[in-house]
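Participant: My structure is below; once you've seen it, I'll send some questions.
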Amino acid sequence: MNPQAKLISTLSLLLGTTITISSNHWTMAWTGLEINTLAILPLISKPHHPRAIEATTKYFLTQAAASTLLLFSSTTNALLTGQWDITQLTHPIPCLLMTTAISIKLGLVPFHFWFPEVLQGSSLTTSLLLATVMKFPPITLLLLTSPSLNYTLLTIMAISSATLGGWAGLNQTQIRKVMAFSSISHLGWMTIIIIYNPKLTLITFYLYCLMTAAIFLALNTIKILKLSSMMTAWTKIPSLSATLMLTLLSLAGLPPLTGFLPKWLIIQELTKQEMTSTATIMALLSLLGLFFYLRLAYCATITLPPNSNNYMKQWQTNKPVNILTTTLITLTILLLPLSPMILSLP
């Protein structure tokens, strides 16, 4: 890809995200989302492979439909109430439409079908952007409009996302699809708590981005795309493979790793709100995700490939590990002791 084109796309991504998260008018928020969508399309189609072109088309059609619904919802709200402010979403019909539009943008169940396919057709770095940066503007809109949104619908979609994210990830052999269903499952956790504690949703999102970035950057370093290929990862960079296992377990929410913090806090908050049954369901559903993360970790570090002597040649290539990857993996594994300081932030 042309360096100038890549620079323009990256700057447009930053611009679109900044416009959306800093605006209080629906038209500006919609403009930022559209800039984001148009900026990511060249990055998805960069490999010039039929699957990448298919992923680009699916992403564009889905996001265009969601943006249209979002604009229609805000226009309807302005027509009925005379308000264009994001926080003044008061009429039930625009609220329902807005919940649907943001859910499509994020990839919540039942509007999730596009997300695994788009990630599978993208490169690892583009998949990282789609799973983290591109979620930030819709999450911001969800936070700003959360007091007005249809909570029953949000709760149903959150539990469904946690269920399907764990269930569908069990039989996947492609790592990008596993990460896509992991994202859907984590979105369920973020959505379930957003009405009661929006700050907790943000903490969960930030930690999810941290852990996902660490995994994608590690996978990009060792060039692994399939579950079967992870068996040879230990011959490339043994230390990275070992820490990758811990990073995957952190994303699963296993104590005493960083990923345990958001799930612990969400279950605690749900219990405080006398939603014990919902907290129990969410805790049990996280076991589904734990299983496929354990399978990834098992393949990455414990299993040995047949005829392993053929793979010993890979020891000869000494690949340096990026300092950013090392820092993110360290935070992913060791951030839990800092949780009191994180919670004390305003």
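Cβ atoms are placed via backbone N, Cα and C, with glycine included.
Any TrEMBL annotation is an automated prediction that lacks curation.
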Participant: Between 61-82, 237-258, which stretch does TrEMBL give the note transmembrane segment?
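Facilitator: Result: 237-258 is the stretch TrEMBL calls transmembrane segment.
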Participant: Write down the single range among 25-45, 151-171 that appears in TrEMBL as transmembrane segment.
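Facilitator: Going through 25-45, 151-171 one by one, TrEMBL flags 151-171 as transmembrane segment.
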Participant: Give residue numbers and ranges for long-range contacts of the transmembrane segment (178-197): same chain, 6 or more residues beyond its ends, CB-CB under 8 A.
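Facilitator: Apart from its flanks, the transmembrane segment (178-197) reaches 106-109, 112, 115-116, 119-120, 127, 131, 135, 139, 142-143, 146-147, 149, 151, 154-155, 157-166, 168-169, 172, 204-205, 208, 212, 215-216, 227, 251, 262-263, 266, 269-270, 273, 278, 282, 285-286, 288-289, 292-293, 296.
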Participant: What stretch of 96-115, 203-225, 321-343 shows the most Cβ pairs under 8 Å to the transmembrane segment (151-171)?
Facilitator: 96-115
Participant: In the same chain, who gets a Cβ under 8 Å from the transmembrane segment (96-115) while lying at least 6 residues past its ends?
Facilitator: 33, 58-59, 62-63, 65-67, 69-70, 72-74, 76-77, 89, 130, 135, 137-139, 141-142, 145, 148-150, 153-154, 157-158, 160-161, 163-165, 180, 183-184, 187-188, 191
Participant: Other than its close neighbours in sequence, what residues sit by the transmembrane segment (203-225), given a CB gap under 8 Å and a spacing of at least six beyond its ends?
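Facilitator: Those are 124-125, 127-128, 131-132, 135-136, 139, 174-176, 179, 182-183, 186, 189-190, 193, 233, 236-237, 240-241, 243-244, 247-248, 250-251, 258-259, 261-262, 265-266, 319, 321-322, 324-325, 328-329, 331-332, 335, 342-343, in sequence order.
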Participant: When you scan the chain for residues with a C-beta under 8 Å from the transmembrane segment (278-300), skipping those not six or more beyond its ends, what do you find?
Facilitator: 155, 159, 162-163, 165-167, 169-170, 172, 175, 178, 182, 185, 188-189, 192, 227-228, 230-231, 233-234, 241, 244-245, 248-249, 251-254, 263, 266-267, 270-271
Participant: Average pLDDT across the domain 'NADH dehydrogenase subunit 2 C-terminal' (290-343)?
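Facilitator: Summarising the domain 'NADH dehydrogenase subunit 2 C-terminal' (290-343) by its mean pLDDT gives 71.
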